[in-house]
Structure formats: C-alpha cells, structure tokens
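TrEMBL lists Asp466, Asn493, Gly495 with the feature Mg(2+) binding site. As annotated by TrEMBL, compositional bias 'Polar residues' applies to 1-17. Feature annotation from TrEMBL assigns domain 'Thiamine pyrophosphate enzyme N-terminal TPP-binding' to 28-133. Sequence annotations record features per position, and here TrEMBL assigns domain 'Thiamine pyrophosphate enzyme central' to 225-342. The domain 'Thiamine pyrophosphate enzyme TPP-binding' annotation in TrEMBL covers 435-560. Under the heading region 'Disordered', TrEMBL lists 1-22.
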Amino acid sequence: MEAANQLGSTAHPSSTPAPVPGIASTGTLGRHLARRLVEIGVNDVFSVPGDFNLTLLDHLIAEPGLNNIGCCNELNAGYAADGYARSRGVGACVVTFTVGGLSVINAIAGAYSENLPVICIVGGPNSNDYGTNRILHHTIGLPDFSQELRCFQAVTCVQVVVNNLDDAHEQIDTAISTALKESKPAYISISCNLPGIPHPTFTREPVPFLLSPNVSNQLGLEAAVEAAAEFLNKAVKPVIVGGPKLRVAKAQKAFLELADATEYPLAVMPSGKGLVPEHHPHFIGTYWGAVSTSFCAEIVESADAYIFVGPIFNDYSSVGYSLLIRKEKAIMVQPNRVTIANGPSFGWVFMADFLSALAKKLKKNSTAMENYKRIFVPPGIPLKCEKDEPLRVNILFKHIQQMLSGDTAVIAETGDSWFNCQKLRLPENCGYEFQMQYGSIGWSVGATLGYAQAARNKRVIACIGDGSFQVTAQDISTMIRSGQRSIIFLINNGGYTIEVEIHDGPYNVIKNWNYTGLVDAIHNGEGKCWTAKVRTEDELTEAIARATGEQKDALCFIEVLVHKDDTSKELLEWGSRVSAANSRPPNPQ
C-alpha cells in the first residue's frame, strides 16, 4: 500500500523523453493518464478491449511502467482491480462504453462497499457526438449518453466525463486524487478520439500528487482522549475489538500501539480479519457473536467496557442482530469520529491520532486477559482420516493452516470458506482478504488474479466453493497467461452451501463440472499450470507436497471433493440466525 499512502514523498516519474524537434508539444491525455497511474502505485491495469477504448489502451501499454492484463470479462477485470487495490492501496480497470461499464459496475460497487480506491476508466463516444441527436451502438438505443454515468454515480465518489481537452488535465487529476483521499472508486470516461491528441496542458511530466493529510481538530482530539481514558481506566475488564475500517483509516500501526500499551485482550470482527495482528500475545480470536472463536465471545460480551475500532455492524456481522453487546459499555471509534457510550460524540477526530494519543493515557489492565487464560481450552485436533475415508472439510483446513507463513496470503470466497478461513490463525505478515460487506459470489477468482499480480512476493492460497467458481471461472486463463503461481482449493460440495443453510431449495443444487478437466482445457499446454483431484487425506497431503515442491512456480488447482452436508458448525448456527432475521414477519401497522 505504500505507494498510495505516501504520494508526493516517494512517487518519482521516470525520466522525461527528449523533445522532438519541430513539435511544440508531445504531451497527450493518454500519456498523462498512464504516468499518473504509475505514479500512484498502479503498475498493472485490468482491461477488456472494445472499440471505444482501443486508442486509449495503445497509450497505456506504451508506458514502460504499466502492464496491461487482458481479462476474459469486465466483471473479473473489476474484481481484479479490487484485489490489486487490497495489496497496493489502489487499482485500475479499463472497459468500453456502456456494455463494458454496466458489466463492471457490480465489481465497482463491491469496491465501494470495502472502501477501495479503484480507478474505473471507460472509453467513451467520440467528442463530436456529445450534444447531438445521434444514436450510437453499445447504448440502449436512445440519443442519451448519460445512462452509464448515472449508474456509476451511486457506486463511485467522483465521476468525470472527459470530452474536451481544455479541462481534461484538471478532470483526470481531480478524479484520481479524490478517489485516493476518500478511499472509494472513481469513474473516468474519456472520449475515444482524444487520447492521442497533443495539448499544451500535458506538455510536462505530471507533478507528483501531494495529498494533504487529514489533521484532527486538536481540541476535539484532547476532549475525546480524556473522555475515553476516564471511561476505560475505571473499567474492571475492558477489551479491544478491531473492525474493517482500520484499513481505510490507515490506523493499523496506531491500533497496535494501543494493544501493546493496555494489555487488554484483542479480538477482531469477522470483516476485519487480516487487519489485526493474530500473532500478538493478547489476541483472543474473532468476535462474531454466537459463531465467535471459542472463548472469545464470552470475554467480549462479559466485559464492562469495550472499544470497537472501525466496526461495521450489519445483519451478517451481527449474526442476524443477535450480538450481546450494549451501547452504554462501548466506545465506537470510526475513521473520523469517536462516540463514547450513549454520548458524547467527537467529530473530526481521526482514528490513528486518537488511538496513538489514547495509548499514552490508559493504565495497563490485564484482568480480562487473565480471565481468558483461565477459561481457555486448546482446540481439539481433528481426527485423522482412516485410510481411504472420504476427506472432511476440517481436515482440509488443518492442512491449509500448516501451509501459512509470512510469504503467503489467503483469499476466502463468499460462502462456507468465510467460516473455515476465519478459523485460520494468521502468522505475522500473512495476507488475508475477503469481501464480507458486499458478499458477491465469484469475487475471489478475479480478486486472486489482482492480488497475486500486485503481491508477486506472496503465494496466494484461494479457497473457493464450486458454486462461486462457476460464476467467474474463465479468468483462470488470465492467471496462467500472467505467469501466476497461486494455489486454488476448489471445494466441490455440489451446490450453494451457504444458501442451503439459510433457506434450502432445489435452486441451491448446481450441475457438477469436471473442474480439473476444465482448468486443463483452459491451460491447453501454454504456461505453467498443474491440477489435482483429491478425495482422501493421503491424496490431499500428496497434492500439497507437489504444489509447494516441484510445482511451486506453477498455478496449482486442487479440486477437493467433500460431502454436500460437510459444513462448519459456525455456518449452521449463523445460517439459522440469518434465516430467522430474513423471515421476520412485517410489523403490524
């Protein structure tokens, strides 16, 4: 993430090319956009070509620091930009007008929900067509080019339509800087005839962005710290719970300062997994109400004070609104606001500033941590499978746990993988990503592509259900073309298991595929790809040994066949509670 976080201090554009004699200006919109992307930390753009963006793509691939990754469809290109942004701090995708834009919009909505700055660039109509009564292809048959723009207004923080070179420089820079400041996606539409035309506003190299840091209201910060310290210092057994907005607030370092200073137990909300250090001596697991890590909920819910840092409470994270926490015992720390119990509330107080200052004011209190140690019983070891016994999911994840290190990252698909991956204990520097707020099935295929492209130093381990894989499978092709070496565990249990546990029906059963056969066909002898189909623990052990040994430089796809009813106990509990929340009758009027 460093490139995006330290703009102006570390971003150095490469050397300026020598001017061409007789040409007053060689600066073009296309080149400026390409240099801007490289400058903010984007070295790979995920694209699907279409006639309106082809000239723009020519200019992007002409930039030495920018690599074009052609994807199989726009949805996956957007998911890949999402995965890339999770590693680098910013991502980008390029699609064509309306047919491409409306195809990518679901992925951009997901990035919006997770506070990821994804620059969505669309090749738009010729600038001469604006303001006319012409009907263009790729539209819905009306002389109105604003349909795509109106759709993107709901899922991006800024939208610009560049159809005039005079203000193109300002529009592009404003859109990109706004996305970085707000940590949300941006929409940039560029007329197809403009990228290659020189213009005086682009004559020199882009000056690196210098984004002004947000500075807390000092009086508000002092008041918030004083009130919070008084609240927590008089508590008997306080705890800290980290949430997903730690990322957007860039407050992980400050969060660790607070944890070290207080000796409070440290828990994480499910959607914040990967943002809180699980190797910390005071880490007690995931707080997720009735489906929490063993002994974690008991400590959190019995505390007399808890500080929630960057939480999102929705029907999923609250397990159908069943959390046993009380507002009067809670301090809620959001990226730019602190609220203590039922009040007071302090605005324009930024999370990192607040946590760092609070760490200096709190007394050490290990009471709740000592209580946790008293009640804690180590997890049972899954029974070893008998020879040729069908593989169980808990055995699979025991082996995945052993694969994790600081050189790996886990991508967990929506579904039972949420619950099974949630139980993995992450070593220091092990990456972890999933999309809990938006929960779009199929997200992980594109996200694995994007994350692996951004973090070439890590081996990505993706856990994907068969139902989700069928939505976005084709970009396995792009992973192989890009020389990636991720390990994908395809968990084949014959359907949409997470939906089964919420509300079962014939619609949750899917057509079984020969998944390894499909991937072999996609591979087609070009690039490095290895597949295996496993049904027993011995076959799994052998497959993992090959994937991490002789096939360590290949994309490894391991299809794991398990029983359709082999789910985590957490999913069974969670599913029944979410089902109850979904099926509440209308309140009588």
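Placement of Cβ uses the backbone N, Cα and C atoms for every residue, glycine included.
Around Asp466 (Mg(2+) binding site), taking its Cβ as the centre, 25 other Cβ atoms fall within 10 Å, counting all chains. The Cβ of Asn493 (Mg(2+) binding site) lies under 8 Å from the Cβ of Asp416, Gly465, Asp466, Val562, His563, Lys564, Asp566, each of these being in the same chain and 6 or more residues away along the sequence. According to DSSP, the domain 'Thiamine pyrophosphate enzyme N-terminal TPP-binding' (28-133) comprises 51 helix, 22 strand, 33 coil. Mapped onto DSSP helix, strand and coil, the domain 'Thiamine pyrophosphate enzyme TPP-binding' (435-560) counts 58 helix, 27 strand, 41 coil. Under DSSP, residues within the domain 'Thiamine pyrophosphate enzyme central' (225-342) fall into helix, strand and coil as 39 helix, 24 strand, 55 coil. Across the domain 'Thiamine pyrophosphate enzyme TPP-binding' (435-560), mean pLDDT in this model comes to 93.
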